[in-house]
Amino acid sequence: MPAPGVHHPNTASPFLKTVAAGKGQVAAAPEHPAPSARARGSHLRPRRCSCSSWLDKECVYFCHLDIIWVNTPGQTAPYGLGNPPRRRRRSLPKRCECSSGGDPACATFCHRRPWAEAVVVPGSRSPADVFQAGRTWTSAGELLRQLRNISAAKIRFPRRPQEAGRQLRPTHPRRRKR
C-alpha cells in the first residue's frame, strides 16, 4: 500500500479515466439545444415601444405591456423592468421608439409633442386649431407680447357678474378706536 498523498501511476480515479477516454471524441448532441446566453440571462417581455427615460411613467406604462404597478407611499413603482443600456437610452431624441412601424397608436404616442410645449393663443381660432397647426413661439419677445395681450384681455372683462356689481371694502376700518 502506498503512503498517503503518494499516488501509484497505475491507479487513477474513475473521473480521470472518463475524462481521458472522452478527450478526443465529440460529445453527442443533446435532445434539446442549449438556450442562448441572452435567453438564459433575461426574460423577454412584450412591449410596444422603448422609452427614452424610465422616469417618464406615462411612457413606461404605455410601452411595457406586462408591468405590475404597485402603489407605494411616495410614488407608483413599476416592477418587472430591467435596466436597459444607458447609451441607448440617452441616444433616443424622441420620447420613445416603437417596436412595430405599423402601430399607429404607438406612433402617435411616441412622436407627438408634449402638451406643455404647445402655446394656445386667444383669437379667432379655437385652441384645437392652434394646437394642430403646430404653432410654437420661438422668440421670447413674441411670447411676451402674446402674454401681455392675454393679461390685457383679462383686465377688460369682469371675472364674474357678481363681482362686477359688488363694491370693494376699504382696507382700513371706518371707525377709529379711542
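Cβ atoms are placed via backbone N, Cα and C, with glycine included.
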Range annotated as region 'Endothelin-like' - as stated in Swiss-Prot, picked from 64-79, 96-111, 112-127: 96-111
Sparsest-packed of the listed disulfide-bonded residues (Cys49, Cys51, Cys59, Cys63) - C-beta count within 10 angstroms: Cys59
DSSP-derived helix, strand and coil totals, residue by residue, for the region 'Endothelin-like' (96-111): 8 helix, 3 strand, 5 coil
